[in-house]
């Protein structure tokens, strides 16, 4: 079968031929339909992954997949059923987090991540997976199902954020999404029914397809070159909820200033080390006197994938059409995995028969 | 009646004679037994309060009180009942936070605070209060009831912290309390039944009465001059829960480094502005990859006072005996409100008959 991989020492993708994997007991064989590309894939290509699968000098990339069950192999799945795989897998010997069904809460070093960290991903004609890590989805999500994985991360982030505010009467009216990449835009769409007014921060000029989507969603585009995060409260309004999807470390701290009293900021970006000045006294004081929360969130587990299916069913068709801008066949993987103008979500589409 | 006040332009307390207050409809008249002193009282004396009560050039200080109902005045209270007053009161016209019974979630500028911000406190022979802001306590708390208010702040902080971790299986085994003042020690005692191992940070030499209490509680004393907060994870162990009661702004950020994965740090200190360097990239990344939370908490509401009564009943007698180190009569208020060696909790005791 064809597989898109990163070879040891390389930082561009290669299309290779490799045997179709054999499902082990409890695993199903899945024929891949589509795999989405996100920023993590570029980091994997550039060597920022947790390591190659044991014994291999290449890693199949890709972690946002949708496929169809080709061989249930004795599992409870049915031939032809559409599935989305989760990403984290237990290391040798497993651990408490996987045993509890909470791989997303496993700390670094206690998990493998398919396509990212020590395990092959899904960007190949077939993949295998234990049944427990496959989420069944309706047939109408054959094209959009690649959005379930990123949306599941937002589901978890929102769940934890709301839990942090559950001991008092909290009804957020306003939200600010930092970042107008695919994850930011998906989150903006998911928040559409939760808050009355939303803002999305980017640093692009009009005309731009992401700003068009922000407009269409009824949100307000904030150009960070004109209005930094620390000034949004003054220029627009303090917001009850901030969702950070930029990986820009200063945003984590400026979020405190953007928040309204009793607000929560959830961080999802993963920046490099970066030392800078902050007015730590003022931030500390504001966090306390205004009962604010800063909360980190990474990955997601099965419940979040199940809930993401419902979120996907709720976003309008025009939105998913506009988000998935570029569809490539596997032979054009190198082109798909280079940066392209005006791309939002790029997808590799395998033979869909 | 006698009252201990701060006069406009002064920063030492004065003992004055002032009329016994008349309870309005819905208010009871309470005869004061004891009022505790904390750091906020010193800030009030030094002018860092929200302002004098409307029309007055002095403010009665004190907000940690226990008293006995002298005149129920038609409320549901009974003569002779012991009560602890809450601190926040609605401003003119009230607002949604007070209407919901959540004054602790009211942002700055939307409340008065008795003894602190725009309203007279409780350090006088009598005070009045609406029935709804008086918490009845058992007779055996006549001497220790002054601890209910500070403990209620910890109850709220713990409640919010645990809520933030409620969407997964979180069983904290370790806690770190930053600060060995009365609030830190009370929190350490309250955590005694929640975690297996606890640490308390201070910067004093042995022999010291607070370190003796830390030892007696079975906790580990950490001298910040030898082991800064950022090194506690390495020198001792990463901790699941951090409670910051120092008001030292760097602790808010070093807390991220002290926390174990999935941990929560709750901030209660109120520092001044202070600009310093942080490795914001690393902190941001750790918060995300390890699902950490930093949460601010201020004040408390009735439910937390009710719960604090139960917490007070659970701490051992030797602990409350050792915490309340100094008891002064009102005529010695100036001495009570100066700093004293080896004091932990200082109390003003009115005529207890």
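Backbone N, Cα and C atoms are what each Cβ position is placed from, and that goes for glycine too.
Noted in TrEMBL for the protein shown:
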DOMAIN    B:25-139  domain 'Alcohol dehydrogenase-like N-terminal'
BINDING   B:40, B:113, B:149, B:153, B:299  substrate binding site
DOMAIN    B:142-350  domain 'Glucose dehydrogenase C-terminal'
BINDING   B:180, B:181, B:182, B:183, B:203, B:204, B:268, B:269, B:270, B:297, B:298, B:299  NADP(+) binding site
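Taking Cβ-Cβ distances under 8 Å and a sequence separation of 6 or more, the neighbours of residue B:203 (NADP(+) binding site) in its chain are B:223, B:224, B:225.
A C-beta separation below 8 Å, combined with a sequence spacing of at least six in one chain, links residue B:113 (substrate binding site) to B:50, B:63, B:87, B:88, B:89, B:119.
Comparing local CB density within 10 A for the binding-site residues B:40, B:153, B:180, B:299, the maximum falls on B:180. The binding-site residues considered are B:268, B:270, B:298; of these, B:270 has the fewest other C-beta atoms within 10 angstroms of its C-beta. The average pLDDT computed over the domain 'Alcohol dehydrogenase-like N-terminal' (B:25-139) stands at 96.
A gap of 12 Å separates the Cα atoms of residue B:270 (NADP(+) binding site) and residue B:299 (substrate binding site). Remark: secondary structure over the domain 'Alcohol dehydrogenase-like N-terminal' (B:25-139) totals 18 helix, 45 strand, 52 coil, with classes taken from DSSP.
Taking 8 Å as the upper bound (exclusive) on CB-CB distance to chain A, the binding-site residues B:182, B:268, B:270, B:298 give B:268, B:270, B:298 in sequence order.
Across the residues annotated as binding NADP(+) (B:180, B:181, B:182, B:183, B:203, B:204, B:268, B:269, B:270, B:297, B:298, B:299), the two Cα atoms farthest apart lie 28 Å from each other.
Residue B:149 (substrate binding site) falls within a helix when secondary structure is assigned with DSSP. Take the mean position of the Cβ atoms of B:40, B:113, B:149, B:153, B:299, the recorded substrate site; other residues of that chain with a Cβ within 8 Å of it are B:63, B:87, B:88, B:116, B:150, B:298, B:300. In sequence order, the binding-site residues near residue B:153 (substrate binding site) (Cα within 10 Å of its Cα) are B:268, B:298, drawn from B:180, B:182, B:268, B:298. Put simply, B:268 is the one of the binding-site residues B:180, B:182, B:268 whose Cα lies nearest to the Cα of residue B:299 (substrate binding site). Residue B:182 (NADP(+) binding site) is surrounded by 24 other CB atoms, counting those within 10 A of its CB over all protein chains shown.
Across the residues the record lists as binding substrate (B:40, B:113, B:149, B:153, B:299), the two Cα atoms farthest apart are 14 Å from each other. In three-state terms derived from DSSP, residue B:182 (NADP(+) binding site) belongs to a helical segment. Its Cβ placed at the centre, residue B:149 (substrate binding site) has 26 other Cβ atoms within 10 Å.
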